[in-house]
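One structure is given below, encoded as structure tokens.
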Amino acid sequence: MIRSLKSPIGQTPGFRWTNFRSSWLMMIIIVGMIGIGTSLASVASAQEEAAAVTEVAEVADAGDDADLGVGYALDNAVLFICAVLVLFMQAGFAMVEVGLNSAKNTVNILAKNVMDLSVGALLFFFVGFGIMYPTSYMSEADAETVSKVFAFGGSGIYTSDDPGRTFSPQADWFFQAVFAATAATIVSGAVAGRMKFTAYLVYSAILTGLIYPISGYWKWGGGFLADMGFQDFAGSAVVHAVGGFAGLAGAIFLGPRLGRFTADGKSVPLPGHNVAFAALGVFILWVGWYGFNPGSQLAFQGTGDIDATVLIAVNTTLAAAAGAFIATFVGWGLFGKPDLTMSLNGALGGLVGITACCDAFSNTMSIVVGGIAGVLVVLSIIALDKLKIDDPVGAFPVHGVCGVWGCMTMGIFPNTHFPTAFEGFVTQGIGTVSICAWAFVTMSVVFGVLKAIGHLRVTPEEEQAGLDISEHGMHAYPSDAITGGAIT
């Protein structure tokens, strides 16, 4: 039983008008984004309403004649299972972040993860999906003239009666929505322990409703990066680097946690309160990645599709294993002892790195990709420490640095996607820089505005007390509530 600091009628003692005002500000922003998306969709669809009703009626009358067969059912079933695995990765992110941070911020971390999925699903439904895949809502003629940088097809989920389609629009939305939520929740670890909850909700809404869908459209929705031939199979850059560079922007604008660095700039480690939680989270994420990478094959009927899906799964496994193994020994050599947190982040780095290229490389090359990712994770964590950038869970080294690495492997190592190494390197470089710069610059603006209006970081007193108490008025662990003792 979780105890909260609330009165018997459910009101938190010490009502503060500023908190009430902040929550309403956040609600206005989110509802406003939903309203804009819905309004634009209403204008676009009003002229076609009568035709759509007739079309739906015809499809309904077709009955069993519209059955697309066993293959269609199989593709949708597998895609649904993969989407559920990706959704469950939210639990993995939550456990990693909880374990690597102070116990007094546990409720806040869990609340952010719940809201990432909740706000993300709503915003991606009303706005994001129509931005990321605008041509799905359009006729072929309109799709040919649409902008390759930004477009909006409509709100909600598109409809399709194409007899050649391989999966349901509903399944398509579900799979893509959990990817959007994944990009958002990456940032939570980088800003842990000092960011206002309402500010985080504003960030999450903007990223899932606007920032992620736009760069996602560039590659996966038919935008200019897709036309260039940029390769990112399951999202090393589109998903992970977006989250990683957004997290870097957040960490920079927030500044380090209290006590993280001394007055003369020396680093002071602030260890997490439960490494077991962190390890559990990494195992959950590892399992979830079998929905993330193999699910991105999007077709599971023929022998070729099945062979490709299994290759992707094996490559994912080998890269994660290599990342964990190499990071362990690199950390051991640098710090004198095998650091479990380096091993865990090495595994995640290997998973992120192979995400862009898991369909293109051999098993042996996947080990190379994952192993180098393990080295990059350790070195990037050290570099952030030298730069006095506080990233409590290593979100940027894992998702930002290894996301860049994963995409650039397609331009560095030989593969069938590019005729020459030069073309591959240039194409991958342009695409990777475009996505990373987009995420970092836009989220710097968001965090900068929130900081300018005094709405980004909690006060030192609130941070010292812990965000569980100052932001949510409750404890995560019953013993803390019962004893009233200090929480570390």
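Glycine is treated like the rest: Cβ placed from N, Cα and C.
Taken from TrEMBL as is:
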type: TRANSMEM; residues: 24-44; note: transmembrane segment
type: TRANSMEM; residues: 77-96; note: transmembrane segment
type: DOMAIN; residues: 78-477; note: domain 'Ammonium transporter AmtB-like'
type: TRANSMEM; residues: 117-135; note: transmembrane segment
type: TRANSMEM; residues: 173-193; note: transmembrane segment
type: TRANSMEM; residues: 200-218; note: transmembrane segment
type: TRANSMEM; residues: 233-254; note: transmembrane segment
type: TRANSMEM; residues: 275-292; note: transmembrane segment
type: TRANSMEM; residues: 312-335; note: transmembrane segment
type: TRANSMEM; residues: 342-362; note: transmembrane segment
type: TRANSMEM; residues: 368-384; note: transmembrane segment
type: TRANSMEM; residues: 396-413; note: transmembrane segment
type: TRANSMEM; residues: 425-450; note: transmembrane segment
Closest-packing stretch to the transmembrane segment (425-450), where packing means Cβ pairs under 8 Å, from 77-96, 200-218, 233-254, 342-362:
233-254
What residues elsewhere in the chain lie close to the transmembrane segment (368-384), defined as a C-beta under 8 angstroms and at least 6 residues from its ends?
318-328, 330-331, 334, 342, 345-346, 348-354, 357, 361, 390-391, 394, 396-398, 401-402, 405-406, 409, 413
Looking only at the domain 'Ammonium transporter AmtB-like' (78-477), mean pLDDT returns 96
Quickly jot the same-chain residues contacting the transmembrane segment (117-135) by Cβ under 8 Å, restricted to those at least six beyond its ends, or write none.
30, 33-34, 36-38, 40-41, 87, 90, 142-143, 146, 150-158, 173, 176-178, 180-181, 184-185, 201, 204-205, 208-210, 212-214, 216-217, 220-222
At least three Cβ pairs under 8 Å linking the transmembrane segment (233-254) and the transmembrane segment (396-413), pairs spaced 6 or more in sequence?
yes
